[in-house]
Each structure stands twice: as structure tokens, then as C-alpha cells.
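The structure under discussion appears below in the form of C-alpha cells.
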């Protein structure tokens, strides 16, 4: 099952960022050494009572005037409603109940989504509890007093959050059909690609009922194989603020990627790979998804016999953390190579499910260590005892060594490259865990 998504909504200066950062702590979902991965703390993966969820901060841009305030908050509420399973609505006990709070509460109430009313800045419960009671007037349940700055009340808050998640026994049965998310920054042609795919005569299309988000998922059959395409549109109305639009685009991407097996990252051929493209690709990479880079609007590019080669090299250079990603060039406008996307998706799915026997893996590892000696430090040399595959989707391996401190990242990458040379694994990341064991174990 994918992790539930919890969105944080509220006016500027009510302490959303403080609450988000305090809850996220060091568990923020960011790979610091990965180029192009977002570092603006929009989302974090959190575990509480053995339940994992993704916390999303919908804030970030402060309105320039009071007139913009309600529009800004409505957009926050819309993105939360479109993507979240549970919504944290944060208000400020010291400012009291404002008209904007009432209007957003109305939107959240009508959505039918679980809403937790978080009354922040309650540093002294005895002093502020009478003021907390005022927020009952919002009509969205019991207010939960917390102090983000002092981390007071977090246990009760998180208990309520995970209490809204469905019990495991009641969760949807695992759908065996591969789930495909087509993501990308605004205006790269995501909808055009989906519409072109779904408009093909050979494609059988139906809506998927009972999904956990408002977005409509679409069941697709192609060449007698079933897929589910995730609708990443979410917030249909565009924001007037560029930075806000980008932030909401990333939030929608997190929501879609969480549920996907394969992520198609759409890039505009006219623009090349932008910083936001890299951020979006990084989200999929962090979460170990299958990845296809689809360069759209290829019909608009003047070409010679080296154009694809140059474009591919440039993409590999900028997205250096995705050497395994499939790359394809297409045009939603003309339909050029659009249905070839199914072929790439199928390749990635097969590679994500590929299992390699322990015997074969150890032969590869022994050959690799013979070609390039493992590193050493202060006279102690790394010894690799054996390797085994423990999971798929993505393929996951455990390497047993004498001292995991000696297993540098570069040598793990070397072993990964040797495995890829033998089996390809195109389109999927590989995960490696290093474990120590004594020589006589």
C-alpha cells in the first residue's frame, strides 16, 4: 500500500512551517547528495505507531495584500483536498478566530476529508485553553492544542492523524495492475499525452472506482495487458503566482508518485531539462520508482542525425542521479511514438520485478572484486562475503561484509554497475543494504 498523505493548511504566520519542521525533524525526505532534488522542505516521511505517512506543507508563499489572503488560502485548501487523505488545519490561538479561517473551514468541511483542527502557539495550557474553545465555532471537530515551538501536544496530534488511516484489514486489496503516473511541470503536455494514449482505438479505457484521492484513475488495457493511469491534474485552476504554481505542482507530484509503480517524467523539448524537471524526477528517484523520461514536443525541434544523441547526453548530464532511466522522444501533438510509451513501461515493469539467484549474484560480485580490489583503511581491507536479493519493486540487495564502514558509496556503485552490466535493470533504481557479519558466521 502507498503511504497516506497528510496536508498542512493555514494562514501565514500561524506556525505551519514551525509545526512541519518540528514534526519532520531529521526524517525529512531529502537526499542531500542527489543533484536536482528539492531541498525546500515541502514534504517529509514520518512514522508514528508503526504507520508511515507523508506530511506535506501547502504553504510557502505569503500573500502581498489582505485581498490576496483568501485566494491564497483557498488554493491551499484546494490542493489539500485534491491530494490528501487527512488535512491538518492550523490556526493561531493568539490571533484568535478570523473570517478567513471560517471561509476555509467551510471548504474543508464540504470536502468530506478528515480534518484535524490544530490550534497552535498554546505554550501554556492553563492560560490559553479558554481561547482554544473559541475555535469550536468552526464546526470541524474538537480543537487540538499544540505548541510547535515547544513541541507540546505532538503525541495527541499524531495519534489523531494515524487514527484516521484505515485499519490494515479494511484497506483496499492490493491491485496487481501496474500504476503509471505521468508527471511534470505545468504546460509540458502531460494531459495531451494522456489524451492521445487514451484516444487510441486499441486502448480500452474505464474509470477506477473507490480510489482514495479525488483525482480519477483510469484503467487501461493495451495488447491484453492492464494498467492504471493516475490522474495528476488535481488542482485544475492555475495560480497567478509562479512560485505558488510550482510548489503546488510538486505537491501534486508527491501525491501521484506515492501511488505509482512507474513514473513518466515529461520534459518540454523546447526548454530542455529545467531545475523543476530535476526536482520532479528527484521525487520519483527518492522513492525508488521506475522512471521514464519522456521528451515531448519533439516535432517542434529541428533535427539532424545527431540530435537525439546530443539531447540524450544532455539529459544524462543534468539528471546524473538517474543513469538508469529510460529516455524516449515523442510528440503528443502528432502522436509520434506516443504508443511506444507502453513498450517502455513494460520494460521497466519487468525490470522492477526481476529476481537474480544468489549464486549468479555472487559470481558477478567475485568477478568484480577480482577486477577492482575492495578499499582498505589503516591496514584493514574490506571483505565482501556474499550478496543476495531480498526484494523487488525495486530490486533490493543485501551485501554482507566484514566492516561496513569500509564499504564506501563508490564501491557499492561499482558493484551496482557490474550487476547492471549483466542484467540491465533499465528504468529502475536498485537498492543496496550493507550488513556486517563475522567471518565464521
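Backbone N, Cα and C define each Cβ position, glycine as well.
Just so it is clear, the model here is predicted, and its values are computed rather than measured.
Going by Swiss-Prot, these are the annotated features:
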- 10-17, 57-61, 120-123: GTP 1 binding site (BINDING)
- 184-191, 231-235, 296-299: GTP 2 binding site (BINDING)
- 4-169: domain 'EngA-type G 1' (DOMAIN)
- 178-353: domain 'EngA-type G 2' (DOMAIN)
- 354-438: domain 'KH-like' (DOMAIN)
DSSP on the domain 'KH-like' (354-438): how many residues come out helix, how many strand, how many coil?
32 helix, 24 strand, 29 coil
Need the DSSP three-state call for residue 298 (GTP 2 binding site) to compare against my parser.
helix
I'd like to confirm something. Which of the binding-site residues, 10, 13, 16, 58, 122, has a Cα closest to the Cα of residue 190 (GTP 2 binding site)?
58
I'd like the Cβ neighbour count for residue 190 (GTP 2 binding site), meaning other Cβ atoms within 10 Å of its Cβ, all protein chains included.
23
Summarise the model confidence on the domain 'KH-like' (354-438) as a single mean pLDDT, whole number.
93
Tally every other Cβ atom lying within 10 Å of the Cβ atom of residue 122 (GTP 1 binding site).
24
When you rank 10, 13, 16, 58, 122 by Cα distance to residue 298 (GTP 2 binding site), which of the binding-site residues ends up on top as the closest?
58
Sort out the sequence-distant neighbours of residue 187 (GTP 2 binding site) for me: same chain, 6+ apart, CB within less than 8 Å of its CB, listed by position.
268
Using DSSP and three states only, what is residue 187 (GTP 2 binding site)?
coil
Number of other Cβ atoms within 10 Å of the Cβ of residue 58 (GTP 1 binding site) across all protein chains:
26
Return the count of C-beta atoms lying within 10 angstroms of the C-beta of residue 16 (GTP 1 binding site), excluding that atom itself.
24
Three-state secondary structure, which DSSP defines for residue 16 (GTP 1 binding site):
helix
